[in-house]
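Written below as C-alpha cells is the structure these notes are about.
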Amino acid sequence: SKEPGHWEEVGFQKAAVTTRKCPFWGLGGDFEQRGAGRCQAEGPVGPLELLQGGCVTMRSATEINSLINSRSLCRCCECLRCCGRRDPRPRTVWLGHPEKRDQRYPRNVINNQKYNFFTFLPGVSMAKFKYFFNLYFLLLACSQFVVEMRLGALYTYWVPLGFVLAVTVIREAAEEIRCYMRDKEVNSQIYSKLTARGRLRGSGILVPADMIFLRTSEKNGSCFLRTDQLDGETDWKLRLPVTCTQRLPTASDLLQIRSYVYAEEPNIDIHNFVGTFTREDSDPPVNESLSIENTLWASTVIASGTVVGVVLYTGRELRSVMNTSNPRSKIGLFDLEVNCLTKILFGALVVVSLVMVALQHFAGRWYLQIIRFLLLFSNIIPISLRVNLDMGKIVYSWVIRRDSKIPGTVVRSSTIPEQLGRISYLLTDKTGTLTQNEMVFKRLHLGTVAYGLDSMDEVQSHIFSIYTQAHTQPSQPQEAPAVKGLSLATKVRRTMSSRVHEAVKAIALCHNVTPVYESNGVTDQAEAERHYEDSCRVYQASSPDEVALVQWTESVGLTLVGRDQSSVQLRSPGGHILNFTILQIFPFTYESKRMGIIVRDESTGEITFYMKGADVVMAGIVQYNDWLEEECGNMAREGLRVLVVAKKSLTEEQYQDFEARYVQAKLSVHDRSLKVATVIESLEMEMELLCLTGVEDQLQTDVRPTLETLRNAGIKVWMLTGDKLETATCTAKNAHLVTRTQDIHIFRLVTNRGEAHLELNAFRRKHDCALVISGDSLEVCLKYYEYEFMELACQCPAVVCCRCAPTQKAQIVRLLQERTGKLTCAVGDGGNDVSMIQEADCGVGVEGKEGKQASLAADFSITQFKHLGRLLMVHGRNSYKRSAALSQFVIHRSLCISTMQAVFSSVFYFASVPLYQGFLIIGYSTIYTMFPVFSLVLDKDVKSEVAMLYPELYKDLLKGRPLSYKTFLIWVLISIYQGSIIMYGALLLFESEFVHIVAISFTSLILTELLMVALTIQTWHWLMIVAELLSLSCYIASLVFLHEFIDVYFIATLSFLWKVTVITLVSCLPLYVLKYLRRRFSPPSYSKLTS
C-alpha cells in the first residue's frame, strides 16, 4: 500500500536490502518485491538505513531484547569503511533523511557466537591444541607416519586422539548451535518503523537503539523509563520529549519539517548526554539543548505511553554495548594445574629417554633411539586424561541440573564446574539479587511516638478523625474541608491527630509518583480514570521507595488519585477530592540527596514547601531538635531506608520573590546549576520537621543464612551496585553482609589525588571495618593509588561499592584477580551485570525481574540467590575433589605401565621394544579400567547435608590441597612402587616363555588398578560396584580373543593364579595398611562428621 499513514513491520533478518530507495530502509521510494521479503534495485547500501535517522517504535516488551553487537556484512575492500572501524566522532542526524548522513554506522544486530561456519573447526582445534598434552599427542600420532619411528599399528595412536577431538567438537558444536538459535530468535523479531507511510502504537517496549525522545502519547507530555537492564537501578526515570516536536499535531508531521539532531561522539557515560535539536524551517529557527532527560538508551523499557524517537547510535556504539566487555573464553584453574603437571611428566619422559640412550653410550643412530624411547614411554602423559576430565565435567553439570533442591539451575558452561569449589571472593549485585526490589513501609516516627506495622490502624483512625471532624463543621465547604479543620486545630495546642495528618499529607504530596488507570476487563480506561477506580489504578514512579510511601498513605486513608505536570489530586477517607496545584518541583539528585515540591491548596490558597531527603542533609535544614540523629541511627541499624520529611509555609509575596529569582537563575548560561541551587537553598532554612519514614527493601529468601554460610566458608563478599550509597548501606546491614559488631567506614567523595591520599590514610587506621565507597571515589583511587587501595580493600571483611558503572564492576573483578591471584565469582541478574559476570572466573546469573540477559551470559544460572550456597558448598566442592582424584588416578594408571616398560627395557639391554602391543595397550586405558576409574566422579567424602551444615569444610579446598605437588608426588611414588613390583615379580616368577611374562604382568596390572580404585573410594555407589565387576568380566571374556599376546592355556593353570595373586597382594596390601594407619592416627577433617 502507498497510502499515507501506513506502518510497516520489519524484521532484521527477513529482508536482504540493496537499495537506498527501498522503504524498508530509507524513507520514500519504490521497491520490487521478490521472494520472501527480498528487495532488489541498484547499488549497495549501508546496513543501517533501517534505523539511522529513522523514527523508530516498538510493539511489545518482549521485542528486540538487545539488538546490539555489530556483524560485518560488507565486502572485504570496504570492510573498514562500511563497518565504521574508525574513531567515534560527533554526528548530525536528519529526521527522515538518512541519505544525508555524514558517515556509516554499525548494524544493529546481536551475535554472541564464538565462531562462524568457516572458523569453527580451526577455532576449536586451536583452543584444543593450546593445551600442551593435546599438542604433544598430535605430534606423537603424526610421527607414526615415519617408518623409522613407528612402534606399532597406527590405530593405537590415532583412535584415542580422534576420540578426544570428536568429544570436543561435538560439545562445542552443540553450544554454538544453541547460541545461534538464541541470536536468530532475537534478530528475527518484528518492530515498527515510522516512514512517510507509517505510524506507531504500543507501550511496554524495549528500546532497540540509542535514541532522542521526540514525541509521546501521554497527556502530561512525558514518559517513564525502566533502566534496570542498563544501570541496575529499578527506579523509573522521567524522560521529556523535545518541546518543538511534542507540539506537532501528529507523528507524521515529524517527516514534514526540516530538522536535525547534533549529538556528541559515542561514549560509555550512561548518565550524561550533550546534544542539540535544530529546526530550520521555522521563523526564527528553533534551537533546543538536549540532555540526558531527552534520551532513550538501548536496553531500557518504555514503562508508560507510546513514544517516537530518532536513532543516534547503533551496534557497538550503543551505550549498553560500550559498557559491556567482550566475553572471554574461560579456562579453569584446575585445568591449568593439570596442564602444569603434564609438563612435569613430559620433563620426566625426556629425562628417562635420555637416560636409556645414555646407558647405551649413545651408540649408533642415538638420536633416532631418543625419539623411539619418547614414543615408547609416551604413556607417561595419559591421553585419556583430557577425555576423562571432560566427561567428568559433563557428569557434574548433569548432577547440578538434576538437583531437586536447586530447581531451575542451568549449566551454560560445562568446562569450569571445578571453579565453584575454590571461590575466594564473591561479588554480587544488590537489586534483584540480594533483594526482591519490593519496598514495604515499616515505620512512621513523629519524635515522641512511633508507629510500626502492628499499629498502623492508629494512624488510620487519626486520619479518619481529622476528616470526620472537619466535615461535621456546618460552615465548611464540601470540596476540601481538611485544611480548614486543620488550621483551626493549629490555633490551639496541636493534637496528635493533627501531627499525624500533616505527616501523612506531606508524604502523599512530596513525591514524583503518577497514578495510571488501566482497563481491568470490566471497566475501560476512560471510565476508570474519570471515577478514580481503585481496582484499575497502578502507580508509576522513578523509585520503588516512593511507590511504597504512596501505597501506605492510601492504606491509611489519604489516596493519590490523579497527577499531571501542574496538579495533584488526593482523596480523603470520606471520598472527597482535595486539589493541589504544583508550583515548583525539585527532583531528587545524587548530589542533593533530597527532593522538594511547592504546592498551592486550591481550597484555601495556602502555599506550602514540602521536602524529604536523607538525614545527613536534612539535619542542617530542619529546625533544631534532639531526637532526629538518634532515631535515624536506630532505624538504619534495623536495615530501613530512612527519609526525613519537613515543610515550610510560604506567603504569596515570599513565593513570588522566590519564583522571580528561580526563573532568572535557570536562564543563566554560566554556572546555571550553582545559581539554581543557591536560590533553592534560600528556602531550605528553618523547616518544620514532620516525621521520619522507614521503608525496607525485602530481601530474597534466605539471603542472610546464605551470606553467613559463605562467610564461614572463607569467602569474602563484595556488593557492587549502581544504587545510591544510603540504599546500598541499608541493604548491607539488613542482609547482615556487615555484621552488627563491625564498623562501617564510608569513604567520602574524593575528586583529586590529594583528597584520595588523605582519605586512604584515614581508612588505613581502621581495623576490621567494612568499606562503603562510591563509584566516583573508586575511580579516583584506582587512578592514583590502585595498589594501596586494593591492598586495604582486600583486608576488609566486606566491601560495598555503590553507584558503580558496569565497566567499573568488571574492572574491580579484574583487579581482584590480578592482585590476589584468587578465584572470583560474580552474581547478578541485570544487563548491567553482564560485564562483571563474564570477567569473573565463575559467573552466576540469577533469573529475576530484570530479565534473562545476565542469566544467558553467565556460566551458571540459578533462580534464587539462596541456591548459590548449595551450588558452591556441595556441587563445587564435590566437582573439585572428584576431578582431583580422577586426574591423579589416571596419571597413576599411566605411570604404572610406563614404569613397567622402563623396567622391561632395562632388563633387556635397554632395547626400545614395547612390552604390550596392539589391543592390550588400548584396552588397558579403555574397557579394562575406564569404568572403575571414571566411577570416581560419583565419589563423595561427606553427605550434602553435612557439607551445607559445616561450610568450614569448603575452606580447606581454598588451599588447593586435593591436587597439589605433594599429592602428585605421592601418586608418582605409588606408581613407581607398584609398576616395579609387578614387573620384577613377573620376571622372577615366569618359567620359560616371554608370553608368560605378558600374561602374569598384565593380569596383575589390571587387578591392581581395580583394587586401587576400591582403595581410593570413600563412599560406595552401586554403579561403582557394577563398574568394577564389568571391567573384570570384560578382561576375563577377552582373554579368549587375545591368544596373539597371551597364552590361553597358561592362564588356566594353578601356577598362573598363585603368581598373579602374590604379585597383586605385594603391590596393594602395603597401601591398604598405610591407609588404615593414616585414618587411625591422622584422620581427615571430615572423618568425625561422617561418623
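Cβ from N, Cα, C; glycine included.
According to TrEMBL, the protein carries these features:
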ACT_SITE  Asp429  active site, 4-aspartylphosphate intermediate
BINDING   Asp429, Thr431, Asp829, Asp833  Mg(2+) binding site
BINDING   Asp429, Lys430, Thr431, Glu546, Phe588, Lys612, Arg641, Thr721, Gly722, Asp723, Arg803, Lys809, Asn832, Asp833  ATP binding site
DOMAIN    98-157  domain 'P-type ATPase N-terminal'
TRANSMEM  153-174  transmembrane segment
TRANSMEM  340-360  transmembrane segment
TRANSMEM  366-385  transmembrane segment
TRANSMEM  890-910  transmembrane segment
TRANSMEM  916-938  transmembrane segment
TRANSMEM  968-988  transmembrane segment
TRANSMEM  994-1015  transmembrane segment
TRANSMEM  1022-1042  transmembrane segment
TRANSMEM  1048-1074  transmembrane segment
**Message:** Quick check for the class: what is the C-alpha distance, in angstrom and rounded, between Asp833 (Mg(2+) binding site) and Asp429 (active site, 4-aspartylphosphate intermediate)?
**Reply:** 7
**Message:** What residues elsewhere in the chain lie close to the transmembrane segment (366-385), defined as a C-beta under 8 angstroms and at least 6 residues from its ends?
**Reply:** 133, 136-137, 140, 143-144, 148-149, 151, 160-161, 164, 338, 342, 345-346, 348-350, 352-354, 356-357, 360, 887, 890-891, 893-895, 897-898, 901-902, 905, 912, 914, 921, 925-926, 930
**Complete:** Sparsest Cβ environment (other Cβ within 10 Å) among binding-site residues Thr431, Asn832 belongs to Thr431
**Complete:** Of the listed stretches 153-174, 890-910, 916-938, 994-1015, the one with the highest count of C-beta pairs below 8 angstroms to the transmembrane segment (968-988) is 890-910
**Message:** To the nearest Å, how far is the Cα of Asn832 (ATP binding site) from the Cα of the residue listed as 'active site, 4-aspartylphosphate intermediate'?
**Reply:** 9
**Message:** In whole Å, how far does the CA atom of Asp829 (Mg(2+) binding site) lie from that of Arg641 (ATP binding site)?
**Reply:** 22
**Prompt:** Which one is closest to Thr431 (Mg(2+) binding site) in space, judged by CA to CA distance, out of the binding-site residues Phe588, Arg641, Gly722, Arg803?
**Reply:** Gly722
**Prompt:** How many Å separate the Cα atoms of Asp429 (active site, 4-aspartylphosphate intermediate) and Phe588 (ATP binding site)?
**Reply:** 23
**Prompt:** How about the transmembrane segment (1022-1042) and the transmembrane segment (916-938): at least 3 CB pairs under 8 Å, pairs 6 or more apart in sequence, or not?
**Reply:** yes
**Request:** Using a Cβ-Cβ cut-off of under 8 Å, list the residues of the same chain that are 6+ residues beyond the ends of the transmembrane segment (994-1015) and lie near it.
**Result:** 889, 892-893, 896-897, 900, 915-916, 920, 924, 928-929, 932-933, 935-936, 978, 982-983, 985-987, 1024, 1028, 1031-1032, 1035, 1045-1047, 1050-1051, 1056, 1059-1060, 1063-1064, 1067-1068, 1071-1072, 1075
**Prompt:** When you scan the chain for residues with a C-beta under 8 Å from the transmembrane segment (890-910), skipping those not six or more beyond its ends, what do you find?
**Reply:** 341, 345, 352, 356-357, 359-360, 373, 376-377, 379-382, 384-385, 388, 916, 921, 924-925, 929, 933, 968, 971-972, 974-976, 978-980, 982-984, 987, 1001, 1005, 1008-1009, 1012
**Request:** Would you kindly list the residues that approach the transmembrane segment (916-938) from elsewhere in its chain, counting only those six or more residues past its ends and only Cβ-Cβ distances under 8 Å?
**Result:** 152-153, 155-156, 159-160, 379, 382-384, 388, 391-392, 395-396, 882-883, 885-886, 889-890, 893-894, 897, 998, 1002, 1005-1006, 1009-1010, 1013, 1016-1017, 1021, 1023-1024, 1027-1028, 1030-1031, 1034-1035, 1038, 1042, 1044-1045
**Message:** I want to check the contact list for Arg641 (ATP binding site): same chain, sequence separation of six or more, C-beta distance under 8 angstroms. What comes out?
**Reply:** Met439, Asp545, Gly694, Val695, Glu696, Asp697, Glu726, Thr727, Cys730
**Message:** For the domain 'P-type ATPase N-terminal' (98-157), what's the mean pLDDT in this predicted model?
**Reply:** 76
**Prompt:** How many of the residues that make up the domain 'P-type ATPase N-terminal' (98-157) does DSSP mark as helix, as strand and as coil?
**Reply:** 31 helix, 0 strand, 29 coil
**Request:** Give residue numbers and ranges for long-range contacts of the transmembrane segment (153-174): same chain, 6 or more residues beyond its ends, CB-CB under 8 A.
**Result:** 115, 120-121, 124-125, 127-128, 134, 137-138, 140-141, 144-145, 383-384, 386-387, 390-391, 394, 414, 917-918, 921-922, 925
**Which of Asp429, Asp829, Asp833, all recorded positions, has a Cβ with the fewest other Cβ atoms inside 10 Å** = Asp429
**Request:** Could you tally the C-beta atoms, other than its own, that fall within 10 angstroms of the C-beta of Gly722 (ATP binding site)?
**Result:** 30
**Complete:** Other C-beta atoms within 10 angstroms of the C-beta of Phe588 (ATP binding site) total 21
